[in-house]
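Feature annotations, courtesy of TrEMBL:
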REGION    1-39  region 'Disordered'
COMPBIAS  21-39  compositional bias 'Basic and acidic residues'
TRANSMEM  74-94  transmembrane segment
TRANSMEM  101-122  transmembrane segment
TRANSMEM  142-160  transmembrane segment
TRANSMEM  167-193  transmembrane segment
TRANSMEM  228-247  transmembrane segment
TRANSMEM  259-282  transmembrane segment
TRANSMEM  328-350  transmembrane segment
TRANSMEM  362-379  transmembrane segment
TRANSMEM  399-420  transmembrane segment
TRANSMEM  427-445  transmembrane segment
TRANSMEM  457-485  transmembrane segment
DOMAIN    541-591  domain 'STAS'
Amino acid sequence: MVEEEELRALQGEGHGVGAYRDVEPKDSHSLSSRTPDDSRSWCGRLREECSPSRRLPILTWIRRYDGEDALSDLIAGVTLGLTMIPQSIAYATIAGLPSQYGLYAAFMGSLVYVFCGTVREVSIGPTSLMSLMTLEYTAGRPPQYVIVLAFASGLVELAMGAFRLGFLVCFISVPVTSAFTSATALIIIGAQLGNLLGLPRLPATDSGFFSTVWGVVRRLRDVSYGDTALGVACLVLLVALQSLPRLVPAARHRRLHRLLWYTSLARNAITVLASALLAHYLTHTLPDGVPFRLSGNVEPGIPAFEWPVRGATVGNTTVSFLEITSELGSGLLLVPLVAVLANVAIAKAFATDGVVDATQELIALGLCNVIGSCFRAMPTTGAFTRSAVSHASGVRTPLSGLYSALLTLMALGVLTPYFYYIPRATLAAVLIAAVASMLDLAIVRRLPRPPASLSDLLAWTVCFAVCLLSGVEVGLLCGMAVSLLEPLRHWVWPRADRSTVQGPPLTYRHIRPNPGLLYPGVDRLRTLVLADAQRLAPLPIVLDCSQFVALDYSAVRALRELADEVARFGGPMFLRNVTPTWQKALQLRQTEHGFVFHRPDNSEPEPPK
């Protein structure tokens, strides 16, 4: 991504003001996972988990806040706000919502994370991914459905934090994440082609990528040349502004490079402002009005607090809160799961040493969505692009979110009359330029090479194809299912290192299963052991348990029965390297050559002479 490349270049400078320094957090303890001391009572650990300083990290770092921090956070917050405002307006259009819903989400997400967040760079607000997921489940429905989805997602995220379920995102592999984000980027680009070309807006649907593109192709005769020209010009301007820092080497002209860097960061705001001024001028100059479509009126101000549990009116029918949640279906779980995946991944990318208090991040994200839904906000999560902007702008603490929130509030209170003049083609160009960096098709060349495997390539392909054909939520689940086949294969078909060890004192067949033994792999291990026992009888079988990481009841019972079956071929079976806990569970007793199962008659199998 271009942002990452420029960020690395700036970090490599080693010069300049604090905006370019990688400043260590004032209290790194608040950013890292804490390992509970097992010697303490559960009551003491519970008190620590629920302590205000743990659940409100602002109470820890605010005590060391100084003037230098305030200046750095102000610069970062204003820069972030200039990026967030046009993006939030554009992301609301992806979800099929009026522009103000994106600004509500940006304001509340930034404000709540100031108090509950642990990673200074993370920016909570609307994202292209959340907007697309919202459209998947609320297309063609009233905005109240979106508010309920945000509220329910926040509750699920809070529950995941309370029960420490952040580890669930570990089941989503990197190839699946790459395919998911790449497919999402393509779907968003396809959905914005209509706005970029000025095509008449169709009712919001959750049709697949190819259906959307085909719909655009069929309506090419209705293209508006004014919208197309403006959209293409905005795309060219965005790419040009993004490339500005590369024109001047940072090592030779620090100040000029820094100016170009900040100009590049504000490219979305510059493009939107320029096109809005153009539209305002043409509106009052041309008798027939502007030759492109405008965004329209935006409701000003922050809405009043209201619990999002009331029903919605669809036509002449009132739909209750429970009926809305039942219609949202799997979105109540998949939307928060995807939000957690994105937020934890971004937090790990920017946190010190990559260590994150995942539980607190889940709670913070849940509160952002629950509180935000009370002010009519759409679902939110962390955004990598905005987080990279915060990092590059020299953010010191999460308090920078307060300045970006105030800037968003000012936009809602003062600038909403001027949002009317923002062309839709400009917002489409901003979205296309923003999500283009999410495309990661180069990973396909790397996946078949070691240490990756063909299973990774298969998981990427399945996830990518299903996302484009059937929707991102189905594609994510299919990709997860395929990626889990590889670790499952090692449990269903466990590998075993087999060799014959010559004595003295004993010549035996050594078998070491890897990585462990659970019920799916019992039959496979039984086949391997009995094949050697029959072929090499009466040679003793020594089962090395050093690689075992888990046992279940089926495996314990199977091992006892396997010892009896080996004995029928004339050779005993010994177990070695068994942990003390498993010795008791397996009811083993020590012999000269290893462990054997306890027998009622205390008979000990003797090795053949």
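The first residue you see is number 1, and the count goes up from there.
Every residue gets a Cβ built from N, Cα and C, even glycine.
Away from its own ends, the transmembrane segment (74-94) comes close to residues 19, 100-103, 105-106, 110, 123, 125-128, 130-132, 135, 188, 191-192, 195, 262, 265-266, 268-269, 271-272, 295, 378, 383, 385-386, 389-390, 393-396, 399-408, 411, 419, 422, 424, 427-428, 430-431, 434 of its chain (Cβ-Cβ under 8 Å, at least six residues beyond either end). The transmembrane segment (328-350) shares the most Cβ pairs under 8 Å with 362-379, out of the stretches 228-247, 259-282, 362-379, 427-445. Each residue of the domain 'STAS' (541-591) gets a DSSP state, and the totals for helix, strand and coil are 22 helix, 11 strand, 18 coil. Residues of the same chain lying 6 or more positions beyond the ends of the transmembrane segment (228-247) and with a Cβ under 8 Å from any Cβ of it are 2, 6, 9, 195-198, 257, 260-261, 263-264, 267-268, 270-271, 274-275, 292, 423, 425-426, 428-430, 432-433. The stretches the transmembrane segment (427-445) and the transmembrane segment (362-379) do not meet in space: the count of Cβ pairs below 8 angstroms, excluding pairs fewer than 6 apart in sequence, stays at fewer than three. Ranking 167-193, 259-282, 362-379 by CB pairs under 8 A with the transmembrane segment (399-420) puts 259-282 at the top. Within the model, the domain 'STAS' (541-591) shows a mean pLDDT value of 85, rounded to a whole number.
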